[in-house]
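Listed in TrEMBL:
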- 24-298: domain 'ABC transmembrane type-1' (DOMAIN)
- 329-536: domain 'ABC transporter' (DOMAIN)
- 21-41: transmembrane segment (TRANSMEM)
- 53-76: transmembrane segment (TRANSMEM)
- 126-147: transmembrane segment (TRANSMEM)
- 153-173: transmembrane segment (TRANSMEM)
- 234-263: transmembrane segment (TRANSMEM)
Amino acid sequence: MKEYIFFNIKKFKYKLLYKTLYNILISILGLLSILITKNIINYALDKDFTNLNISIIIFISLTIIMLILSPINSYISTILKFKIFDDIQSNLYKKVINSKFEKINKYSSLDIVNRINTDCGTFISFIYEIIPTTIGLILTIVLSIVALININYMFLIILLISSILTTILSRILNTKQIELYKEIQKNDVDHRVTMDESLKNIEYIKVSELEEINIDSLNKIYSRRMYLNKKMSIVVGGISFLFSLGSILSYTIIFVIGVYQLFIGNLSIAEFTVLLQIYRQLNSSVLELQSYIPSFNNVLAAIDRIYEIEILEPEDLKNKQISDFKEKIQFKNISFEYDDNKILSDLSFSIKKGDFFGIIGESGSGKTTFLKLMASLLTPKSGEILIDNNKLTNIHRSLISYVSQDDMLFTKSIKENLLCHNSQVSDSELTKVLYLTKIDSFLDKLPNGIHTNIKYLSKGQKQRIALARAILQKKPIILLDEVTASLDIDTEQHIINSIKNLDYKPTCFIVTHRNSILNICNKIYNIKNNVLTSQILN
């Protein structure tokens, strides 16, 4: 985790250097303004109008410089911060996309989005705002300490004792805050998942009269969120209270001692005024530094969640691609299990190029798992899959089109979905595929034709688009997972026969329960009790 922090600090060192130098400059200018007030008071008391006017001009100039720098810095800082944000988010997204499917599949999509957005935002605020500001605050504290020593070291001792005591006491609450941050983020993911699932399944909820049950589920999450945020508020409030208490007590003691020193003649009026100003600036810097402790606790939790994604095992992303296979696909003693739950056991068989391979079996028997193994999304527990005697890896995906039962379409237009793999498809080729999948039968009825967003389409229409996209890929191996469940038999047979009669004669793995499709297959296998057996269609 430390390596990740230092890697990003080094990567964005020049952007962070700008922010740090600005904070240092403002700290120096602020302290100079305070010290000049001492000269202004002394020159006024001594009626030294020449030096008084010079000091006033310097004081006003410093104030104007700080006023001008503020909006300029705000503009530059905003641009630099978003550049860092875009870079870190983009790299984390690439990490997710390029990780092994079986590793990233352990997280919900909304959990990953939350880590990329919320946790990245927390981390970026830390490296771009908190770290440079902290350096500026430390410089302010050091310079203020030097100034206090020159006036009276006793005031410094009082402040140090107060700061050390409050920091030690606040550490009791720091661990609790880190735990609460993680729980709050988990609750936020639960809320988004529940909301997302209820909206996706709103038809079923209404038909099944599950409205109240879903509302109750969401209310429980809201109650949990309220409880966690109340606890977080108490913890953060407790930390703030300790720091404020230390500040008030130390200021009161310093003020009383300062008045006494003024009374006995050890301090001048100018020194007493500057003392209070320096103390306020020093105390303000210490309080701001201490206030970052709750933020730092949140940052640690956020980095921990980001780092979980960063260390996910990546796929072997070689540029090498395989353009075709010539003879056969072999499964040799393939076994697979989820968390010690055996799904497939000792599968061995082979199919030839151009075969239509039908797969049947009860729900949960491992049919979809079988296809994911073939797509190299999952890794067998034992055994190997060979394509032309070469072990199947992710580079063989260049041979494979995969159409799942969930469509896997993007919320874009029909045309954008069809051409997402190849935007150079000719109009004549596109028209042919629209006919083969019977998309042309409903395309003219849509308000924007092929440019209609897929969110306005029915389940059956979406299935046809997913099948058309697979055909346009022209891959020699096609994996179909219950992809015609929402189609009528005539449309289904028309599309599957169209795939079988394609010029490039693809090899097809088809998971289905329909005899109308199995009749088209030249091989049919049944997955039962974790094993694969040849099946004769009755």
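Count begins at 1; order follows the chain as displayed.
Yeah, the Cβs are placed from backbone N, Cα and C, and that goes for glycine too.
What TrEMBL says about a protein is an automatic prediction, not a curated fact.
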Calculate the per-residue pLDDT averaged over the domain 'ABC transporter' (329-536) and state the result as an integer.
87
Counting only residues at least 6 beyond its ends, the same-chain positions whose CB falls under 8 A of a CB in the transmembrane segment (21-41) are 51-52, 55-56, 58-59, 62-63, 65-66, 69, 73, 77, 132-133, 135-137, 139-140, 143-144, 147, 269-271, 273-274, 277-278, 281
Below 8 angstroms Cβ to Cβ, which residues of this chain, lying six or more residues outside the transmembrane segment (126-147), approach it?
5, 8-9, 12, 15-16, 19-20, 22-24, 26-28, 30-31, 34-35, 77, 80-81, 84, 156, 274, 278, 281-282, 285-286, 288-289, 292, 295-296, 299, 302-303
